[in-house]
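Below is one structure, written out as structure tokens, with a few remarks after it.
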Amino acid sequence: MNGTEGPFFYIPMVNTTGIVRSPYEYPQYYLVNPAAYAILGAYMFFLIIVGFPVNFMTLYVTLEHKKLRTPLNYILLNLAVADLFMVIGGFTTTMYTSMHGYFVLGRLGCNLEGFFATLGGMISLWSLAVLAIERWVVVCKPISNFRFGENHAIMGVSLTWGMALACTVPPLVGWSRYIPEGMQCSCGIDYYTRAEGFNNESFVLYMFFCHFTIPLTIIFFCYGRLLCAVKEAAAAQQESETTQRAEREVTRMVIIMVIGFLVCWLPYASVAWFIFTHQGSEFGPLFMTIPAFFAKSSSIYNPMIYICMNKQFRHCMITTLFCGKNPFEGEEEGASSTKTEASSASSVSPA
């Protein structure tokens, strides 16, 4: 084994020289240069000062403007809540522990940080899947005369929380566990060991199938069908200028959504799967640290992609920031036609 396993931790370094110490009790500067911990802390600080205001503003603006309280925006609000969980429960903890060079908060702190960070990520991931289903049902109309209403939105939000808790609670009660990972300043699921009594293997397989493969398949299927529906609608209308413009807008949004999802989650999931299937192989602390913090950056990507590209929300946000006035009123009105065009394209069912 090319690492050192201890009670509730795994250090990616063989303890041949006797310098490996518990990440709950001693600084881990023997793993990487101390400057790396300072960089990690600065990165966490950046995510906090950007992620918290953007997601908090999303909640505040939606509550402030009644016209934004639509069923679809329930899911978008759920995304903001998930991101705030990650910011408050995960990023602040990681920033604090990186300043000390080890997980100074102990086992309880590791469980809490791992739980809240993973919970936020899972709620976010399943919210994206529910959004994909909503877009598919509304645009492609696989169910005739179906309207996405408040009850459907509440069911979608409940589903995201139920699935997220089904993934994050088991490690707290003995099915797998949360341990420090990477530079040992943040905690995650134990992909690294086959510790007796925790059944890590079965939990990781369950998590990857139910909480990564399934939502990823849903997202690709729904957005794939959405693109086909828009193209078929454009062909049926002989590719009018209005439809072409709407098609480009929807296509751009879908591409950004999928790329954002993959950038955030695929590197982390791929590395975690590699570590799980190659337990005992040699890898450095940065091997898991870098993709883990790509995933954490989703707290910024989500509101930018799913909220700030919404013209109506952007107008309300600017109005709120400027105390009831929108200094860019003319520009917003000039862009409103695109929104109408996209809506008209969405109302055409595929041939």
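Just so it is clear, glycine is given a Cβ too, placed from its N, Cα and C backbone atoms.
Only residues 6 or more beyond the boundaries of the topological domain 'Extracellular' (1-36), in the same chain, are considered here, and those with a CB under 8 A from a CB of the stretch are 100-104, 106-107, 110, 177, 179-180, 183-185, 190, 192-193, 195, 280-288. What Swiss-Prot lists as topological domain 'Extracellular' is 1-36 (among others), and the listing cites a curator's inference.
Counting only same-chain residues 6+ beyond the ends of the transmembrane segment (37-61), those with a CB under 8 A from a CB of the stretch are 29, 68, 76-77, 80-81, 83-84, 86-88, 91-92, 94-95, 98-99, 101, 183, 185, 289, 293, 296-297, 299-300, 303-304, 307, 313, 316-317, 320. Look at Swiss-Prot and you will find 37-61 (among others) tagged as transmembrane segment, backed by similarity to another entry.
Sequence-distant contacts of the topological domain 'Cytoplasmic' (62-73) (same chain, at least 6 residues past either end, Cβ-Cβ under 8 Å): 131, 134, 148-150, 152-153, 312-313, 316, 319-320. The feature topological domain 'Cytoplasmic' is assigned by Swiss-Prot to 62-73 (among others).
Within its own chain, the transmembrane segment (74-96) has Cβ neighbours under 8 Å at 40-41, 44-45, 47-48, 51-52, 55-56, 58-59, 62, 104-105, 109, 112-113, 115-117, 119-121, 123-124, 127-128, 130-131, 134, 150, 153-154, 156-157, 160, 164, 185-186, 296, 298-299, 302-303, 306-307, 310, counting only residues six or more beyond its boundaries. Among the features that Swiss-Prot reports, transmembrane segment is placed at 74-96 (among others).
Residues or ranges marked as topological domain 'Extracellular' by Swiss-Prot on the basis of a curator's inference: 97-110 (among others). With a threshold of 8 Å between CB atoms, the same-chain residues lying at least 6 positions outside the topological domain 'Extracellular' (97-110) that come near it are 8, 23-29, 34, 37-38, 40-41, 44, 178-180, 183-187.
Long-range neighbours of Cys187 (disulfide bond) (same chain, six or more residues apart, CB within less than 8 Å of its CB): Phe103, Cys110, Asn111, Glu113, Gly114, Ala117, Tyr178, Ile179, Pro180, Glu181. Positions annotated as disulfide bond by Swiss-Prot, on the basis of sequence analysis: Cys110-Cys187.
Remote same-chain partners of the transmembrane segment (111-133), defined as residues 6 or more beyond its termini with a Cβ less than 8 Å from a stretch Cβ, comprise 72, 75-76, 78-79, 81-90, 93-94, 105, 156-157, 159-161, 163-165, 167-169, 171-172, 178-179, 186-189, 211-212, 214-215, 218-219, 221-223, 257, 261, 265, 295-296, 298-299, 302, 306. According to Swiss-Prot, the feature transmembrane segment maps to 111-133 (among others).
The topological domain 'Cytoplasmic' annotation in Swiss-Prot covers 134-152 (among others) and rests on a curator's inference. Mean pLDDT for the topological domain 'Cytoplasmic' (134-152) in the predicted structure: 81.
The annotation transmembrane segment is assigned in Swiss-Prot to 153-173 (among others) on the grounds of similarity to another entry.
Annotation source Swiss-Prot lists topological domain 'Extracellular' at 174-202 (among others). Here the topological domain 'Extracellular' (174-202) has Cβ contacts under 8 Å with residues 3, 5, 8-12, 23-24, 28, 31-32, 36-37, 40, 90, 93-94, 97-98, 101-103, 110-111, 113-115, 117-118, 272-273, 275-276, 279, 285-289, 292 of the same chain, all six or more residues outside its ends.
Long-range Cβ contacts of the transmembrane segment (203-224) within its own chain (Cβ-Cβ under 8 Å, at least 6 residues beyond either end) map to 122, 125-126, 128-129, 132-133, 135-136, 163, 166-167, 170-171, 175-176, 189, 191, 254, 257-258, 261, 265, 269, 272-273, 276. Under the heading transmembrane segment, Swiss-Prot lists 203-224 (among others).
Residues or ranges marked as topological domain 'Cytoplasmic' by Swiss-Prot: 225-252 (among others).
Among the features that Swiss-Prot reports, transmembrane segment is placed at 253-274 (among others). Proximity of distant same-chain residues to the transmembrane segment (253-274), defined by a Cβ-Cβ separation under 8 Å and at least 6 residues beyond the stretch ends, is recorded for 121, 125, 128, 188-189, 191, 204, 208, 212, 216, 219-220, 223, 226-227, 287-288, 290-292, 294-295, 297-298, 301-302, 305-306, 309.
Look at Swiss-Prot and you will find 275-286 (among others) tagged as topological domain 'Extracellular', backed by a curator's inference. Through the fold, the topological domain 'Extracellular' (275-286) approaches residues 1-3, 12-13, 28, 31-32, 36, 182-184, 191-194, 204 of its own chain, all at least 6 residues removed from its boundaries and within a Cβ separation under 8 Å.
The transmembrane segment annotation in Swiss-Prot covers 287-308 (among others), and the record cites similarity to another entry as its basis.
For 309-351 (among others), the entry in Swiss-Prot reads topological domain 'Cytoplasmic'.
Sequence-distant neighbours of Cys323 (S-palmitoyl cysteine): no residue of the same chain at least 6 apart has a C-beta under 8 Å from its C-beta. Taken through DSSP, the topological domain 'Extracellular' (97-110) splits into 9 helix, 0 strand, 5 coil. Of all the Cβ atoms in the protein chains shown, 26 others lie within 10 Å of the Cβ of Cys110 (disulfide bond). Remote same-chain partners of the transmembrane segment (153-173), defined as residues 6 or more beyond its termini with a Cβ less than 8 Å from a stretch Cβ, comprise 71-72, 74-75, 78, 82, 111, 114-115, 118-119, 122-123, 126-127, 130, 133-134, 189-190, 203, 207, 210-211. Here the transmembrane segment (287-308) has long-range neighbours at 12, 40, 43, 47, 50-51, 54-55, 58, 76, 79-80, 82-83, 86-87, 90-91, 117, 120-121, 124, 131, 181-183, 186, 188, 256-257, 260, 263-265, 267-268, 270-272, 275, 314, 317, meaning same-chain residues at least 6 beyond its ends whose C-beta is under 8 angstroms from one of its own. The helix, strand and coil residue counts that DSSP assigns across the topological domain 'Cytoplasmic' (134-152) are 10 helix, 0 strand, 9 coil.
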